[in-house]
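K.L.:
Here's a structure for you.
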Amino acid sequence: MELDAVLDGVAAVFLVIGGLMSLAAGIGLVRFPDLHSRMHAATKPQVLGLLMLLLAAAITWRSWASVAVTLLAWGLMLLTAPVSAHVVGRAGYRTKHMRADLLTADELAATVDRVSRDPGSRREVDR
Amino acid sequence: MLETAVWITQVLLAAGALCAVYRVYKGPSVLDRVISVDVILVIVASVMLVEMVRSDHQDFIVFVLVTSVIGFLGAVAIARYVVARKPEDAERAAEREAQAAGMGVPEPEAPKNGADAPVMTALPQQEDESTSWFTALAKSGFVPKRGKDSESGSSGQGPGGSGGGSAEGPSERPKGER
């Protein structure tokens, strides 16, 4: 009985933290100025928020088999979220969907300039 | 205690989803909408998890698994087909707003170009911002690179055209990745 109350309390705290992560993502999406800073906010609920909610669910269910499924779901999200964020950020950089005046350092600019002058490069790079 | 935590979490998730929906409505580019829709998808998975916690069953865990894969595929597929933003797009948008503000201004090219020209000039003004990248891609004269059948590329629209489309990926990829 004592342990059940403690586990329920831990699950409740994890639930609220997961909800706060998605709220932070929403506020960041509204408030941040350009694509790449919005992407920074948008990956919060995908990794930490989903982990918190899955842990809360696994604690509530109290079975080790559900922990395995939970870890599978989280691992899948952990593998796919960086790849999709990388692809979106790369497309955003190369199609100039960003605000260059907000950057403090742009280490990709020289490489992209050289690639875009090459006649065999991709069409979406603006020549 | 768990019941109140579930309610608080649902409210927080709803607020986050509303912010993401606002960004989908407002977002200036397609990529902003893509990441916002990704966030909405994760929030939907979170709502399913919270519901499973509340009523203590495990029926939706497969949907949580599927949701992560769907978000990945959607983001990658859309980001592949974004076209470059040009500076004259902003000028055109500004002059479109000026035309919408002064309703009585006539279009200069409408009497000059004949019957079917006003249809072509009026189309991008009614175009929604979220789909204008597709018309920009269609009007840019983009032709995918062909591997071997480049001499029959423009005329052969039948089996040669479809074969060239499938052969375009591996020949283009190493040059783009440099």
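The backbone N, Cα and C atoms fix where each Cβ goes, and this holds for glycine too.
Look at TrEMBL and you will find B:6-25, B:37-54, B:60-83 tagged as transmembrane segment. Look at TrEMBL and you will find B:92-130, B:143-178 tagged as region 'Disordered'. The annotation compositional bias 'Gly residues' is assigned in TrEMBL to B:155-167.
In the displayed structure, how are the listed features positioned relative to their neighbours?
P.N.:
Beyond the ends of the transmembrane segment (B:37-54), by six or more residues, the same chain brings 2-3, 6, 9-10, 13, 16-17, 20-21, 24, 60-61, 63-64, 67-68, 70-71, 74-75 to within a C-beta distance below 8 angstroms of the stretch.
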K.L.:
Would you kindly list the residues that approach the transmembrane segment (B:60-83) from elsewhere in its chain, counting only those six or more residues past its ends and only Cβ-Cβ distances under 8 Å?
P.N.:
29-31, 34-35, 37-38, 41-42, 44-45, 48-49, 51-52, 133, 136-137, 140
